[in-house]
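Peer 1: TrEMBL feature annotations, pasted as is:
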DOMAIN    39-288  domain 'G-protein coupled receptors family 1 profile'
TRANSMEM  20-46  transmembrane segment
TRANSMEM  58-76  transmembrane segment
TRANSMEM  96-118  transmembrane segment
TRANSMEM  130-149  transmembrane segment
TRANSMEM  195-223  transmembrane segment
TRANSMEM  235-258  transmembrane segment
TRANSMEM  270-290  transmembrane segment
Amino acid sequence: MNIWNATSNFILLGLFNHTGAHLFLFVMVLTIAFSSLVGNALMILLIHQDARLHTPMYFLLSQLSVMDMMLVSTVVPKMAADYLTGQKSISPAGCGLQIFIFLTLGGGECFLLAAMSYDRYVAVCHPLRYPFLMSWQLCLRMAVGSWFLGAADGLMQAAATLSFPFCNTHEINHFFCEAPTLVHLACADTVVFEYVMYICCVLMLLVPFSLVLISYSLILAAVLEMRSREARKKAFATCSSHLFVVGLLYGAAVFIYMRPKSYRSANRDKIVSVFYTIFTPVLNPIIYGLRNSEVKGALRKCYESVCYLKS
């Protein structure tokens with residue numbers, strides 16, 4: 001096959017076709033994405049405004065909300081514009097930028113969720129030593145480390161992916177540029193890169209996921225020793241909710257990035273990608289924040305302040 005001109009644009013085939021049913025799904029996705037932006041923005045505002053939420057736990061939660069907002073903003077506006085205008089092209093530089101930002105945020109969230117699980121472990125299992133074991137210095141290092149590791153992975157994969165020559169087929173059967181989908185179009189031997197990407201996924205996904213499981217296993221062990229049935233019920237509900245979100249994010253990412261090339265299906269990959277690019281960001285502020293009594297108290301206080309100003 002002829003080598004495709006590297007200065008030409010890619011074509012994103014998108015998630016939806018222009019039919020009535022797909023229009024309904026498109027509007028639904030936009031509604032969920034908007035809800036995600038509003039929910040995470042509200043979470044950041046509450047954490048910033050209420051002094052009672054100026055703790056390591058809520059600082060990490062605010063970082064998660066920032067990542068979720070950026071993730072939705074990276075993928076959904078381009079997808080919506082392509083659907084509405086019919087112009088589905090994206091430049092190689094824009095494609096590389098999408099891969100970099102997406103992997104930076106996705107990898108950062110993986111490590112940030114591990115840091116948040118450690119915070120909950122210390123709070124439940126070692127409450128008296130919490131100020132020492134979860135100091136602000138450690139909290140800041142965890143947050144910066146999450147951003148840095150995600151950015152390192154994103155930069156490496158974006159640069160490596162775009163370094164391949166591409167053949168005449170330059171249509172990407174996806175609604176955004178994702179490294180595995182783009183590598184599939186490469187007109188070169190990508191075995192070494194796929195092996196390296198697999199190693200990166202082990203480090204970026206399975207290592208933090210293992211830390212999350214260990215933390216919550218220790219939390220559940222401590223919960224089982226509680227005498228209060230109500231306390232156990234509340235702790236179980238919280239842990240199960242958190243693990244559901246964690247499982248959704250890690251499970252979808254492992255499915256996309258750790259499968260052999262021969263087992264890939266473009267349509268299936270697009271559906272799975274929706275979960276961690278659109279649905280998970282709207283669940284995070286609900287599970288981690290709005291079900292929390294302190295956050296609900298801050299929200300009530302903010303609402304009362306607004307009502308007082310209007311009166």
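Including glycine, each Cβ sits where the backbone N, Cα and C put it.
TrEMBL does not curate its annotations; it predicts them automatically.
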Peer 1: Pairs of Cβ atoms less than 8 Å apart decide it: which stretch in 96-118, 130-149, 235-258 has the most with the transmembrane segment (195-223)?
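Peer 2: The stretch I would name here is 235-258.
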Peer 1: Is the transmembrane segment (20-46) close to the transmembrane segment (130-149), in the sense of at least 3 CB pairs under 8 angstroms with a sequence gap of 6 or more?
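Peer 2: Contact between the transmembrane segment (20-46) and the transmembrane segment (130-149): absent, because fewer than 3 Cβ pairs are under 8 Å.
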Peer 1: Return the average pLDDT for the domain 'G-protein coupled receptors family 1 profile' (39-288) as a whole number.
Peer 2: 85
